């Protein structure tokens, strides 16, 4: 049995020596040790030695023991299935002993191993671990170290596996005995024990379990007692607990809310940065919660000044920033860890604008806000300053009048401070309240905007940086004034020009902020507003490409992308503009290898530029397509190899996503002319469509999302030459994508539905007919679902209508099922070519199936009423569609007779009848 196992002293010494070598500061020693370690792994008893070193190596350095523990954990994760039952039982029996060790590092690593093992074996296969840990946590071993070790492990288990603890095992639910003990331990004399106990409960709170709720009053009473604890870690955990209760059970907090808010406002001044941040997190949660507004509003006079104060850099932050800014100029190369990890986003082929819904906009704004939090100071770390700014942003949105009234006098007083951190924080605050208080602040902006433009020349780097960010937040107002010819119409030119110049700053943080601000202004401006600046901006972009290091090039690519999308038509008119824009992009393109991750944002940029420039991009199309196709072929092949051989490293899927997007951009730009480009590189063995079909089966949602976006554009421009030869496989994949949709695959499913609509309206009816029943059996339930994202429902409506363009006669049996819901979505969609073709298709369906809607039947009458209402809301149909709608309405009126028609209209809003009479004469 394993319990009698004893190590061989010589082998033990060798493994200890090797482990110590892996920690050496000498690279050669580390390399030799790593090679020796690989050989040692082949020993059947290697895990036993690692376990022995971890729990019995008291004479060894704690780092060596920790290294053994980490290695043991990783080996168990990778190779547990191949381990013997004896070894597994031995490890489960012995590993808790590490929690009794005097070394904190060893206890922590042991806790990590226990957490990993618990996630694998769970309560049923390791039934004694939770009682053992709870016993140790209660002090059974007689040492505070063992208590801390056990609670550290329990905290990790509660974080990773709390839901597992909330199930019944042999009639007992672990949380039922764990929670009371944790609450009891919040009164322990050891502050670490108190902190761990609160931390465990904080994780459990997030599971929304009744096991916790029945003890919530008792726990809250403990929190109130611990709010002034001497240990800052305990105070931090208390703030986290209040935030979790606010999120999960605000009703329980409501009677005590005034005191808790005061406590957290006070705690923002805590000497512990962690406590101050957690207190601010509570207030951020409060701002986004459903707590009655009057309660929050009464606290604004106290809260807003504190938020403003905490947006000022601390003395330590100022020291670090000034030291960094002294060294970090434009000539210093970026390091890998300077650059925020880039994730290529699958292409949204089609997001429909909804006149009645802000859902899509809200999602975009949320994403933008997350980016804004990083843009504030260029760092990726979430801190008190950013949390304060985010809280102020939300409060300004919820209480614009009060927020402006309280904050603006303070901002004005501090914005000219000789102390640059105070000056900088005041400008940050102006940016934070920009979106929420824009209307209320409008009278102040004529004086504030010129002041901010002047601050772009401030001697302090961080003031210039934050001013760029804040001006970007007011870009919509500046552009609106210019477009409407308002009293401040002349502000746009000097503001835009100054930001262009600021993007040439010698400090990288200013370049980054100014370049992002440029993108904000370009995005907010109408093309005609930008016309005088196209050539100057192109010259500046050329200069930016020469100055910027890797990190800021990513920002520049995004700005160029926005610029090309906004003024692409103007660029196409002048070949010299193309010659100014494309060579710098192509130069960067040629500098990067096919496996360089810096290629991702460049590929995304090139995709938009190619689509925007259209035929003007043609001279560059062949080498660009050839490389994108080559990368796609290589990555798809590597994915296949990694699937067949787990030891083969799979490629980064972002290469696939960005390659697909670039090819899509070329198809959008070159339209039907892209067929020759694609066919030039297709072979019998490898073709674009075969690769796209393989991408439809990729488990990564973003890959499928981009693949279906490309399919939709191929269907628009190249259905016959490229798509139809693989039509059956394509249709099967679309059906599978819709049928197997999940929340995470929403965008991929949306693009698949959109692509289906594009195919259906171009495919001859006799060809599509074989797929019609299967697709309607998928689309009808999809349209009637209550748990599907709005964008999918909108596109499903469009697609169902479009199928009727060439298959109207076969659609009669579906009209009664879908028409009411179809109208409810179509009514508010933006009027464009897609809405129009869907309406045309629905008109065809109803005309081809005149008996499908019976006005004398309750359901038929309801459907007709919804359709008439929907038609009335269609403001500007084309002449063709208008004629179809007129015939349809006339048919309904003739079928009902004058009295019946008037009776039907009487059941609708009065304006509907007026519009129909005015527009269609019925």
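The first residue you see is number 1, and the count goes up from there.
Here the Cβ of each residue, glycine as well, is placed from N, Cα and C on the backbone.
According to TrEMBL, the domain 'Importin N-terminal' annotation covers 33-119.
The feature region 'Disordered' is assigned by TrEMBL to 324-377.
Look at TrEMBL and you will find 324-336 (among others) tagged as compositional bias 'Acidic residues'. Long-range contacts of the compositional bias 'Acidic residues' (324-336) within its own chain (CB-CB distance under 8 A, at least 6 residues past either end) are made by residues 461-462, 505-509, 511, 547-551.
Here TrEMBL flags 337-351 as compositional bias 'Basic and acidic residues'.
Sequence annotations record features per position, and here TrEMBL assigns compositional bias 'Acidic residues' to 365-377 (among others).
Positions annotated as repeat 'HEAT' by TrEMBL: 448-484. Counting residues 6+ beyond its ends, the repeat 'HEAT' (448-484) has Cβ neighbours under 8 Å at 313, 321, 325, 372, 375-378, 415, 420-421, 423-424, 427-428, 430-431, 434-435, 438, 441-442, 490-492, 494-495, 498-499, 501-502, 505, 507, 509-510, 512-514, 516-517, 519-521, 523-526, 529 in the same chain.
Within the model, the domain 'Importin N-terminal' (33-119) shows a mean pLDDT value of 88, rounded to a whole number.
Secondary structure counts, DSSP: the repeat 'HEAT' (448-484) has 31 helix, 0 strand, 6 coil. Across the range of the domain 'Importin N-terminal' (33-119), the DSSP-based residue counts are 73 helix, 0 strand, 14 coil.
With DSSP states grouped into helix (H, G, I), strand (E, B) and coil, the compositional bias 'Acidic residues' (324-336) comes out at 5 helix, 1 strand, 7 coil.
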